[in-house]
Amino acid sequence: MILVSGQVLVGGAFFLMAFLAYMPSSTSFVVYGILLRVTEGVGWAMSNTTTFALIPVLFPSRVGTLTGLIFGALGLGYTAGPPLGSILVVAAGYSAPFWIVGGILLCLAPVTFLLLKETSTSSKVLPFQIVIKLLSHLSFSMIQIADIVGYGSLTFQGAALGVYLMNEIGLNLLEIGIYFAVIAVSYTLITVVAGWLSDKFGPRTLIITGLFICGASLMVLGLNQLPPIPPQWTILIALALVGCGAALADVPTYSDLLQQAQTLYAKENQESLIAAVSGITAFSQAFGSFLGAILGGFLTYFTEFTTASLIFGEVITMHAFLVLGVSLIDHLFLKLKS
């Protein structure tokens, strides 16, 4: 019911955005626009959190693979959305994308309701009580932060990258659009592979590898000085690697957090554990996207884009070393214990 309710809120808010063009004043446009965006955000949080909660219930042995497929679908939507929206606006006007996409989402809600069986719960333990317990463990917190910085690396560039590419490299708007698409495409392509590798070989190695790739790529983006390669190609390669690294760091985190939770609190109600970890994962996604954009804008404002990229790349690399250190300590502790 939470999943379907979230779909209705997102679809309804999106559908109603088509009518913003008919608002009588700019003030009413802004007020109703913000209210609809907030409603859409609440609905997305409901659907996203519930989706993660359903994965281990419906596919207990393929959590990583299914997570990768969901992330791949998300990346595909981000990649295809802007050009499709532009085509619809040009072909049929401002309201067309909102009516079409909002209508599709509203039609999918009853389909979801019919296809998915309701999952019963016998838990009397509130998930936030378990969240506090989980976050008190260093290894768990380190992986959650890895998820946050992984998402942050995707939104970190923001508008500052476009300005830099236009002013410093001399690219036009079409070329700049291609550079932004490279991140989304590389992220989308790697997500499914990352999910499968997570189920096959375990999530922790992939997370650490992804963080190192993200950190190194952002530092290369900041330095932008690879002698044999022209600057525009250096940036293009670095952006592609940022997308790949973010996928490797983000996709396996849910599997890792869920495994840790089930190991640490094996006697706890499993439904409460899944709900808690799902909520933490959804929060990490949203907060990481928000934090990356804010930090990117803040650092670029006070320094410049290249320096900001270098700083953020160093932060991610330092966290990769922290996760590696904590993982080695955990591994050593388990060996001594056995």
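Every residue, even glycine, has its Cβ placed from backbone N, Cα and C.
Residues annotated as domain 'Major facilitator superfamily (MFS) profile' in TrEMBL: 1-338. Averaged across the domain 'Major facilitator superfamily (MFS) profile' (1-338), pLDDT for the predicted model comes to 84.
The transmembrane segment feature in TrEMBL is assigned to 12-35 (among others). Taking Cβ pairs closer than 8 Å, the transmembrane segment (12-35) reaches residues 43, 94-96, 98-99, 101-103, 105-106 in its own chain, all 6 or more past its ends.
Taken from TrEMBL, the feature transmembrane segment covers 98-116 (among others).
Per TrEMBL, transmembrane segment is recorded for 176-198 (among others).
Here TrEMBL flags 205-226 (among others) as transmembrane segment. Sequence-distant contacts of the transmembrane segment (205-226), counting only residues of its own chain at least 6 positions beyond either end whose CB sits under 8 Å from a CB of the stretch, comprise 143, 146, 149-150, 153, 156, 194, 197-198, 234-235, 237-239, 241-242, 244-253, 256, 306-320, 323-324, 327.
Look at TrEMBL and you will find 232-252 (among others) tagged as transmembrane segment. Away from its own ends, the transmembrane segment (232-252) comes close to residues 64, 67-68, 71, 75, 146-147, 149-151, 153-154, 157, 165, 169, 171, 179, 182-188, 190-191, 194-195, 197-198, 203-204, 206-207, 209-218, 220-221, 224-226, 285 of its chain (Cβ-Cβ under 8 Å, at least six residues beyond either end).
The feature transmembrane segment is assigned by TrEMBL to 273-302 (among others).
Tertiary proximity for the transmembrane segment (308-329) is limited to same-chain residues at least six positions away from its ends with a CB under 8 Å from its CB atoms, namely 138-139, 142-143, 145-146, 149, 152-153, 156-157, 160, 204, 207-208, 211-212, 214-223, 295-296, 299-300. According to TrEMBL, the feature transmembrane segment maps to 308-329 (among others).
Through the fold, the transmembrane segment (273-302) approaches residues 45, 48-50, 52-53, 56-57, 123, 127-128, 130-131, 134-135, 144, 147-160, 250, 253-254, 257-258, 261-262, 265, 308, 311-312 of its own chain, all at least 6 residues removed from its boundaries and within a Cβ separation under 8 Å.
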